[in-house]
Amino acid sequence: MTTTTIVFDLDGTLIDTAPDLVESLNHTIAARDLAPVSYEDLTHLVGQGARVMIQRAFALRGAPITDDEIPALLDRFIAHYEAGMPGKSRPYPGLIEALERLKAAGYILAVCTNKMERLALPLLERLHLTGYFTAIAGGDTFAFRKPDPAHILATAERAGGNAGKVLMIGDSINDILAARNGNIPSIAVPFGYSDVAVEELGASHIIGHFDELTVELVEHLVG
Ligand SMILES: O=C(O)COP(=O)(O)O
Ligand SMILES: [Mg+2]
């Protein structure tokens, strides 16, 4: 029997990173005297990596920004975010127990995030999560990223898994749309940073807590 690969999104799914993202983003846009954004705003800004998050924050404030101004702001964000890591970011309740349970059951575990690889890797490392995952792919690891299903499938392949037996778990439209576009079963979590109600994402299943992520559920969804 082929081993199932369970692919997790990072921000808002594995780890509650919002407080640090908001802080580093506000540090970044303060360089241009933009008013700070709130946690509520973040759900509309996050999802496509730091570069897009900065661009969206400028758009939110109605402030113009040209492409050649972005690298310096991105560097400012990265430096601040990296220096503070892991900051206030913590795994969601029940995550470690769920990862232990799924690993013990023999599943391959992987991370597919639109966060830059150079930020995703040390964050997982500093929270002692790296060892659970056979592959960790960022938004800049391949030439494509979520909602392109190729991002999920290439991550599963890199983990040694079979593209035909994958389960995606995420918090936002990028994750669930990527799964749907690739005919991949998915689980949505409501505790992350979706700008629409989690019921509207069209996931195969919704869990409210990682305690619900059981071997039985995985088998039921992937078969
Ligand atoms: O950092 C982002 O913009 C998105 O990250 P995620 O794909 O792990 O949710
Ligand atoms: Mg997410």
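Every residue gets a Cβ built from N, Cα and C, even glycine.
Taken verbatim from TrEMBL:
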{"type": "ACT_SITE", "residues": "Asp9", "note": "active site, nucleophile"}
{"type": "BINDING", "residues": "Asp9, Asp11, Asp171", "note": "Mg(2+) binding site"}
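Sequence-distant neighbours of Asp11 (Mg(2+) binding site): residues of the same chain at least 6 apart with a C-beta under 8 Å from its C-beta are Thr17, Ala18, Leu21, Val46, Thr113, Asn114, Lys115, Asp171, Gly192, Tyr193. Taking the mean position of the Cβ atoms of Asp9, Asp11, Asp171 as the Mg(2+) site, the remaining same-chain residues with a Cβ inside 8 Å of that point are Leu10, Gly12, Thr13, Leu14, Thr113, Gly170, Ser172, Asp175, Val189, Gly192, Tyr193.
Fewest other C-beta atoms within 10 angstroms, among the recorded positions Asp9, Asp171, are seen around Asp171. In the three-state DSSP assignment, the secondary structure recorded for Asp11 (Mg(2+) binding site) is strand.
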